[in-house]
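Before I ask anything, here is the structure I am working with.
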There are 2 protein chains.
Amino acid sequence: MIEREGQVTADRPLFTVEPWCVREPELRLDRLAQTESVFALSNGHVGMRGNLDEGEPHGMPGTYLNSFYEQRPLPHAETAYGYPEQGQTVINVTNGKVIRLLVDDEPFDVRYGRVHHHERVLDMRAGTLTRQVEWTSPADKTVKITSVRMVSLTQRAVAAICYEVEPVGDSVRIVAQSELVANEALPGGTKDPRASAILESPLVGEEHVANGTKVLLLHRTRQSGLRMAAGMSHDIDGPESTTIDTESSPDVGRLTVATRLEPGQKLRIVKYIAYGWSSQRSRPALHDQVVGALAGARRTGWDGLLREQQEFLDEFWEGADVEVEGDAEIQQAVRFSLFHVLQAGARAERRMIPAKGLTGPGYDGHAFWDTETFVLPVLTYTFPGAAADALAWRHMTLPLACERAAQLGLEGATFPWRTIRGQECSGYWPAGTAAFHVNADISDAVLRYLDATQDEQFEREIGLDILVHTARLWRSLGHHDVDGVFRIDGVTGPDEYSAVVDNNVYTNLMARRNLQAAAEMAMRHPDAADRLGVDAEEAASWRDAAASMLIPYDERLGVHPQSESFTNHARWDFAATKPDHYPLLLHYPYFDLYRKQVVKQADLVLAMHLCGDMFTDEQKARNFAYYEGLTVRDSSLSAQTQAVVAAEVGQLELAHDYLGETALVDLHDLNRNTRDGLHIAAMAGAWSGLVAGFGGMRAGDGRLRFAPRLPGGISRLAFRMLYRGNRVKVTVTSESARYELMDGPGLKLWHHGEPFTLGDEPVELPIEPIPPQPPLTQPAGREPAPRRIDPHGR
Amino acid sequence: MIEREGQVTADRPLFTVEPWCVREPELRLDRLAQTESVFALSNGHVGMRGNLDEGEPHGMPGTYLNSFYEQRPLPHAETAYGYPEQGQTVINVTNGKVIRLLVDDEPFDVRYGRVHHHERVLDMRAGTLTRQVEWTSPADKTVKITSVRMVSLTQRAVAAICYEVEPVGDSVRIVAQSELVANEALPGGTKDPRASAILESPLVGEEHVANGTKVLLLHRTRQSGLRMAAGMSHDIDGPESTTIDTESSPDVGRLTVATRLEPGQKLRIVKYIAYGWSSQRSRPALHDQVVGALAGARRTGWDGLLREQQEFLDEFWEGADVEVEGDAEIQQAVRFSLFHVLQAGARAERRMIPAKGLTGPGYDGHAFWDTETFVLPVLTYTFPGAAADALAWRHMTLPLACERAAQLGLEGATFPWRTIRGQECSGYWPAGTAAFHVNADISDAVLRYLDATQDEQFEREIGLDILVHTARLWRSLGHHDVDGVFRIDGVTGPDEYSAVVDNNVYTNLMARRNLQAAAEMAMRHPDAADRLGVDAEEAASWRDAAASMLIPYDERLGVHPQSESFTNHARWDFAATKPDHYPLLLHYPYFDLYRKQVVKQADLVLAMHLCGDMFTDEQKARNFAYYEGLTVRDSSLSAQTQAVVAAEVGQLELAHDYLGETALVDLHDLNRNTRDGLHIAAMAGAWSGLVAGFGGMRAGDGRLRFAPRLPGGISRLAFRMLYRGNRVKVTVTSESARYELMDGPGLKLWHHGEPFTLGDEPVELPIEPIPPQPPLTQPAGREPAPRRIDPHGR
């Protein structure tokens, strides 16, 4: 029943395809690290990888607290002015998940004895991970174990586990050890620069207490000056003879339950776990905070926590669910993706949403631009409070961003390319500091949130400040040439296979929007703008720069070069590139990638999605076809944008293929690095591919527009979204779209360019078929996997 | 008599101005590190900084063997494909210079007691460093010490010191300790990325022997696998009662001489020092090699060594001397420069010529492109064998350069940006690997050497191989665009304030010459070319690429952009740049420097010097004026090229100013880092500024041309050079130039564009005066220091 490393298992799917669950019907030790990421539970504040209760075997143990990190030096072979000297790395904090079990003195370990049944189920409506095992020990004693684990979405400091064990056949002696373990040994590193730096024993013990069924461990980090507390407390239900003992040492807290179970008897342990951390609060304060959280959780009780969790998720799904008929894998994947996007952001509360959420140590636990560009659009329209919180976090780091801009000789603010707490942590400036578009991406997320919510307080207190400081950045970063054209030279756009280029179209278009919007917002809030020192001349200079912005265009080829001169460069020799030489960055020098036409990820195509009104339909079609031939998708961020724009230009089957790639990135481990954590931004693309792609949703300036059109493999698509106090449901079939107001005052909408008003009555509008489009070509071997069209809808 | 750190000494010159010497009339402890570099002695194989005999005080102790280095890891905050992982650093080897002295038990140390007289003189005709001291100990005993030091130009493993001490007044007890010291403690590092990494205790003792007056220490390095031996042996002349004792331990060898000197008596120690190193030879072999070198030196004797040295230098100066009347500082500086260029290359013999020669640990002891571009021109026309040797060293590393090209996905060979033994050691690829022009610079040095010497064996055995492999590199590095233009995208030119640009004019012109010359040379040597796999099609493809090479030109401004799009970029805000913010790279991020019009060092202007026939006179004048306004000369490599081209465009006074800057870089410590070693390439510019600048010398295709014209401050210039078996002397005054054949069969020459034939009879030709030129502007505060015109010629 268990697959061991090296066995041939490729042809058996890891998970069953079900609409609301991800089920692993048998334990696959060869995929343990991947399943730990997939089964990770998080509320955005506390995250736990889906490690087995007994701790071992594991792919990578992991428990994370949002923004709890250690500093480490960033070494440079040749240093230079402005290089960050300190990095930040998320650390594996005290593990509260561990419950070890001895069956007649034999440790329960799936690698020994016989596993008759092993099933894990992530339930996306209940918000729980359930595990059921039936196991016979080497000494021939059989037990059934059931554990249900949750990280509470309603009590942000709290996680809980309900662990049950019962004998099958003979009576057994049982010892269960429920633990807190700090400074766990982690598996060795990897040469892949994208994987995380691993820090050994990052926690220094400060206090440990054992009391009744409660244990607390307090630790601090060595360099970053952070303090954390982890606590556990228990409800235990077993035969009368059951004994309980607790103990603690600096790095281990342990509750030991010993009993004998006769057939029909059961031991049930409910373990409440709570975490707290702070850079400022004292040890007693943190101690009390965690003890308080434990008391609150225990009062709520296991059933109460389950109920709260379910209610929270019911409310979320009511406004966010996406139904897909015809492609059962996508149905499962879009819910799985929405669930993890929610888990990453729900209770982050003015801390960041990292690229991997709190599911693994990949990318050192850093947040990048993809949060604002790919994750926040989903949250903005489904769970807007989390989008506001994430942007409020950026706003909190604005002083650091202003310092960084000053250090670089620029005005305003420049946000870091990668960070945990706001300081720039990028060790390679051409793909870090130079990627200034992150600033426009943050501004764009602010504008999107404001457009969707009309949250005036946010605009006044947060939005204006961000817009003004980023507009100042753009104004100082660019210059007018002698012809009066505004140029932004020497920056890096989204595509990481080009760097330090002049007039990247994406960057310039997004900067233009940033400048224009800042000028408009300053006019709307003259007093607040005045306090920021914005006068009429400064706003005028932003408008002027925006109006004069250079957008290069190659007349000869009739396409937009991704950046100035891009289309003059040699094309990458795709025919000579072996399939195992992808991702290219691991097999070719940056030098060679940068100077050739080869695209890691949508860049000009992303500009066509986010700034679609700046391109004609014909330009979109020509550009899309041109960049399809160059884009290798070595970044997981690419497929969703290609899905959205493919759908817009009528390449519906291709859009469906790309949707599959972004939606299944982790369920199918397409990039072979799900072990390091989930690709939250790529998964957010499951929603975008369906809603912005096949739903054709675009919004801005109060105009919510749809242009729905389905590919052959999807017979029905229904999605919900929130916009300016309205909850709208859109149901699309191949012939028509039905618009329904679930909530709110009603609004004007657009259907394929035609406006209509949606009130209490649903509106159903026809969808004109389009002629089949000419096939497009991708680099050899880089075509997306075609979606199988399963007539039974499985 | 001694200046201590912190005292005000700025207004007293450090050295006297004399035509053939550099004399320090009093010891300046505050300038010790600078004078150690200035007074360094070397023959290109062994180098010794001008440390005081007694070892202390010192700025930086230093003894170097060409190519004797240690490896160290190159750390990268974010690593990537193709980054070098190992660096190479020159190490301070066993110090053989040390002779300590005790005067009545009181150690001779200039920091204690009283120094009545302290003079050091570098004699550029004798090739010696002489020191004379009169010192009274704290216990009131006075001695006179004279030491003369040399590194032999005729016996490449050998250095020698003649050390004499005599009492002044009372008799004194004297103990002299002549030592070999390995693993000396070095002063702490610096944050300046240009300074060397310092390795502590790099040598592991393998053997030590003391025998008679002879001591040997053998060591090896830990990582690089090199073995070295240092030995000393002595002739001692003193009163009869003198006792001699020797001892050795792994890191110290010591000969102790004890005596009593009555007034009028003298102790004289001649110390012979020899070094050997190898990556392959055994310990006994190395041992014997050094013992043999010592025996040879001792047989020659001190006077014999002095005589050989003098004869070697007489022969050199006969063909290389430059006479300058009207500017005594320049007269001294050009001889000082030629002396150090000779010292760097004379006996390097198929090892590299590092940027600092063997005078200090700066730049980790690496060789760069500046050897071929700035140093070899001087050697080619004055001491051509050393130029051939340096290029033969490059040829020896060709297999490594081919490996590197293959690693980067390129054809042919790419030589390292910085190295000691041939492996790329650059830790920052935009200013390292991407600076492919180094390959054309090496080819150009080959062509220059061949043009000057017609050395057919070198062409066949070395030149062709280098030309073919670099032509292959250029062919694979560039590509034809759809208009059939050959582009070289994404490379870095000489100017390090731009990087990873398209179609750098310098690079493209030099690559063109490389491609053309390779095709021609392959035709001249069909058999050898055939063995290298060059067929007619390949040669044709080189000619075609050369003929189609893109040379961007800005029609609007009427200037050549340094690289494509350069003139569209914003100009650096020089007015807002504080004087103490130079060099800019220590105060501004690369990101900002790269995207603006600001030039660290001549780039387009260097192209106008080296590829002058590709520009019209008007273009030269316009381009020069344009780049004068942008060039900050944060590199010491710049001024000489500006001097040469300023002279060509008639800006003679400006040329004189730049000449002063390059010639006095180390005598005046203009860059405040002479402590780390001399700027050999900048000093070579003293010769180039005079010969190529005011002499207007250009050569190529067998045509040796002159266009002499002097600035107001130089009344007479005479220089000698070797060309195709002729030794030519050119004497220039403001009215005329006299050409004289000192040696050889005679040749055709050009004077201001007019050909004439030089045979046994001198030819004197008039120089037309030119009208005064319009003044040019440099970035604010970056004007070169004006040369004072001293009517007395001091």
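Cβ coordinates come from backbone N, Cα and C, glycine included.
Curation plays no part in TrEMBL annotations; they are all automatic predictions.
Checked TrEMBL, it gives:
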ACT_SITE  B:Glu496  active site, proton donor
BINDING   B:Trp369, B:Asp370, B:Lys600, B:Gln601  substrate binding site
COMPBIAS  B:768-777  compositional bias 'Pro residues'
DOMAIN    B:24-278  domain 'Glycoside hydrolase family 65 N-terminal'
DOMAIN    B:335-687  domain 'Glycoside hydrolase family 65 central catalytic'
DOMAIN    B:697-758  domain 'Glycoside hydrolase family 65 C-terminal'
REGION    B:760-794  region 'Disordered'
Do me a favour and check the Cα-Cα span between B:Lys600 (substrate binding site) and B:Glu496 (active site, proton donor); whole Å is fine.
6
Within 8 Å of the Cβ centre of B:Trp369, B:Asp370, B:Lys600, B:Gln601, which other residues of the chain have their Cβ, at the recorded substrate site?
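Filtered neighbour residues, in order: B:Phe368, B:Thr373, B:Pro494, B:Asp495, B:Glu496, B:Ser635, B:Leu637, B:Ser638.
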Let's check the environment of B:Lys600 (substrate binding site): how many other CB atoms sit within 10 Å of its CB?
22
Give the residue from the recorded positions B:Asp370, B:Glu496 that has the most other Cβ atoms within 10 Å of its Cβ, counting over every protein chain displayed.
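Sorting the candidates by Cβ neighbours within 10 Å, the top entry is B:Asp370.
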Please report the Cα separation of B:Gln601 (substrate binding site) and B:Glu496 (active site, proton donor) in Å, rounded to an integer.
7
Specify the count of other C-beta atoms within 10 Å of the C-beta of B:Gln601 (substrate binding site).
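Summing over all protein chains shown, B:Gln601 (substrate binding site) has 23 other Cβ atoms within 10 Å.
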Report, as a single number, how many Cβ atoms besides its own are within 10 Å of the Cβ of B:Trp369 (substrate binding site).
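If we count other Cβ atoms within 10 Å of B:Trp369 (substrate binding site), we arrive at 23.
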Can you break down the compositional bias 'Pro residues' (B:768-777) into helix, strand and coil residue counts using DSSP?
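Helix/strand/coil tally for the compositional bias 'Pro residues' (B:768-777): 0 helix, 0 strand, 10 coil.
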Express in Å, rounded to the nearest integer, the largest CA to CA distance found among the substrate-binding residues B:Trp369, B:Asp370, B:Lys600, B:Gln601 named in the record.
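Site span for substrate, by Cα atoms: 16 Å.
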Could you tell me the mean pLDDT over the domain 'Glycoside hydrolase family 65 N-terminal' (B:24-278), as a whole number?
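Summarising the domain 'Glycoside hydrolase family 65 N-terminal' (B:24-278) by its mean pLDDT gives 94.
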How long is the line from the C-alpha of B:Trp369 (substrate binding site) to the C-alpha of B:Glu496 (active site, proton donor), rounded to the nearest angstrom?
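B:Trp369 (substrate binding site) and B:Glu496 (active site, proton donor) have their Cα atoms 13 Å apart.
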Across the domain 'Glycoside hydrolase family 65 C-terminal' (B:697-758), what are the DSSP residue counts per state (helix, strand, coil)?
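Reading the DSSP string over the domain 'Glycoside hydrolase family 65 C-terminal' (B:697-758) gives 0 helix, 41 strand, 21 coil.
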